[in-house]
Structure formats: structure tokens, C-alpha cells
Amino acid sequence: PVLLGCGSAQPGGCPALCECSEPAKTVKCVNRNLTAVPPDLPPYVRSLFITGNPLTHLPAGAFPAQRLPDLASLNLSGNHLRTVEAGALALPALRQLDLSGNALSSFSPQAFGEGGSPLEELALRGALRDHGVLLSLAALLQSGTLRNLSRLELADNGLLLLPAGIFTALPALRQLDLSNNSLVGLRNVSFQGLGQLQSLNLSDNSLGVLWNSTLAQFRSLPALRHIVLGHNTWVCDCAIEDLVAWLKDSDQVEGKEALTCASPDKMLGKALLKISSSDLNCSVPIDLPSQLQTSYVFLGIVLALIGAIFLLVLYLNRKGIKKWMHNIRDACRDHMEGYHYRYEINADPRLTNLSSNSDV
């Protein structure tokens with residue numbers, strides 16, 4: 001294909017500072033010091049590369065849908081993007097989007113427009129360092145706008161925890177990359193509904209254990225055959241028993257033979273698959289938080305039952321209780337009248353003199 005670097009654009013031609021190939025339907029604006037999206041992109045473009053530029057802002061209509069009806073692949077990686085406004089990516093044919101290597105600070109949940117988007121692949125490697133952007137992405141994914149998404153890349157973002165329910169509206173998702181973050185747990189993450197998920201990369205995180213609830217979700221996903229867990233900080237105490245048992249029984253984990261303990265010191269470097277119960281010397285329940293929660297629920301049920309029985313007894317003996325309350329009231333009234341009578345005698349000096357006169 002002939003690449004055309006035009007000094008000025010002609011209708012249907014190539015924007016200045018860009019290289020275009022009409023036969024390949026491709027436009028490349030790479031390392032050209034662009035601060036805005038070229039307004040005169042050719043309408044034939046299907047693959048657009050705008051990378052390595054000081055581009056900081058994507059306003060609404062940055063890629064006009066009417067002018068770019070066939071744009072299917074958009075690479076905006078390695079720029080300085082910070083803001084993506086509502087409607088900035090509302091393209092009718094967009095299938096692939098790469099926003100990796102940007103320092104996003106504001107990402108509108110309506111960036112793809114009000115309706116659904118045909119987007120199938122979204123790469124955000126190293127672009128979600130701001131917590132507010134992560135929450136905006138979660139709102140976007142949960143809205144159902146990207147229900148066609150089959151590949152999601154969230155690697156290299158320093159994520160500690162994921163927002164609850166972030167993946168619940170992605171029924172077509174097949175590949176999920178969460179590698180090279182700082183994830184310490186997955187207990188608040190639901191993988192339910194990801195019936196087509198085939199590959200899950202959790203390597204290079206700070207996972208110390210995977211609890212039964214998470215392992216049960218992995219077992220329930222029929223298409224999930226590739227789970228990567230390497231280079232995590234596995235804590236080999238009693239809580240690791242369920243994970244070890246699952247690893248020994250599962251064929252979902254790639255390279256599970258290389259998984260080793262990171263702590264405690266006596267278990268450092270020991271392969272997880274070679275751990276036995278005698279190595280752990282467990283004398284406490286494995287999943288203590290779950291057992292405590294169960295105990296609290298049981299205690300609540302018992303207290304509620306006792307309360308119900310107490311109220312029933314009161315109801316059945318309401319007449320006797322009423323009579324008993326009346327008797328107490330009469331006794332208290334008689335007692336108070338006696339005190340009142342003595343007070344009147346003591347307060348009247350004439351009665352006091354009479355009571356003290358022994359001849360009377």
C-alpha cells in the first residue's frame with residue numbers, strides 16, 4: 001500500500017501529519033505532536049492509530065459517527081489523555097479500542113453514547129491509576145452499554161480491590177486480564193454470569209488466599225479453562241487448605257506446579273501442590289469469618305424465638321397479668337395513703353400534743 005503523508009488534507013484525502021493507506025483502510029498519526037484529533041479524517045478509515053501524542057482531551061463528537069461510519073479499530077495508547085467526555089466514542093462500527101498508557105482522570109460512563117455499543121475489545125493497561133476513573137468504568141460496565149465486550153484488559157493499574165459487581169453485565173466476556181496489579185482479595189468480586197469466560201489472568205498480584213466462595217464460582221463457569229495465578233504472595237496457613245485441595249483437583253490453572261508459598265518463613269518456597277495437612281498443623285476452623293457469621297445468624301434466630309415465646313406467654317396470660325397489675329396498683333395506693341395519713345398527723349401540732357399526752 002502507498003502511504004501518503006499530506007501537508008494539507010483534501011476531501012477524502014489524508015490529514016496533515018498523518019500517514020494514510022486507502023487500500024488498507026488505515027490512518028496512522030504516530031508521534032506527530034498532535035493536541036487534538038484531526039477533524040478531516042478520511043471517511044474510508046477502518047483502523048486508526050493516534051499514539052504517542054500530547055493529546056489530553058476527547059470532547060463529545062471527537063470522532064463524528066456520520067463521517068466515520070466504518071471505523072472499527074481505534075488505538076489511542078501512549079498519549080496524555082486525561083478526560084473522555086460523554087459521546088466522545090459513540091461510533092457505530094467500533095469493535096476494538098486501546099486506551100493503554102494514558103493517565104485518565106475523568107472517564108464519562110456515557111462515553112460510548114446513550115445506547116449500546118458494538119465494542120468487543122477494550123484495553124486499559126496502565127490507564128486506571130485514578131480511583132475515580134475506576135468507579136466510572138465500573139458504572140459503565142454495569143450499565144449494560146458494553147454487553148458485547150469479549151476481551152477486557154485491566155493490567156498494570158495498581159488495583160488493590162475491584163468494585164463489587166463490576167463484571168455482572170458482561171455476558172459475552174471471554175478474556176479478562178487483571179495481571180500486574182496489587183489485588184489482595186476477590187471476596188467482593190462476583191464472576192457469576194460470565195458463562196463464556198475462557199481465560200482469567202490473575203498473575204503478579206498480592207493474593208494471599210482464594211476463599212471457598214471464589215473457588216466455587218470458578219468451578220461453576222463452564223468455559224473457564226485457563227486461570228493464571230503465578231507470582232502471588234500465597235500465605236500458607238490453615239486458610240490455604242481449600243485452595244490447595246482445589247489446585248490438586250482442578251485442571252483450570254496453568255502452571256500450578258510452580259505456585260509456591262510466600263509466607264510464613266517455615267513454608268517459604270514450598271510448592272502449594274506439595275502441602276499436606278500435617279504441614280499446616282491446623283487447630284482452628286479454616287474459614288473462621290464464615291463460621292462466626294453463621295454463629296451470629298444462629299444466635300439471632302434463637303433470640304428471636306425466645307422473644308416470640310415470651311410475647312406469646314404474655315398474650316395467653318393477659319387477664320391474669322391485668323389482675324396482678326391492678327392488685328399492685330391497689331397495694332401501692334393503700335401504702336401511699338398510709339404515708340399520707342402519718343404525714344398529716346406529724347404536720348398538725350394539736351394532734352402531736354394529743355398523741356404525746358399519756359392521760360388522753
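Note that Cβ sites are derived from N, Cα and C of the backbone, with glycine treated the same way.
No curator has checked TrEMBL annotations; they are predicted automatically.
The domain 'LRRNT' annotation in TrEMBL covers 13-47.
Taken from TrEMBL, the feature domain 'LRRCT' covers 232-283.
Annotated transmembrane segment per TrEMBL: 296-316, in sequence order.
Secondary structure of the domain 'LRRNT' (13-47) per DSSP (helix as H, G, I; strand as E, B; remaining residues coil): 0 helix, 9 strand, 26 coil.
Across the domain 'LRRNT' (13-47), mean pLDDT in this model comes to 95.
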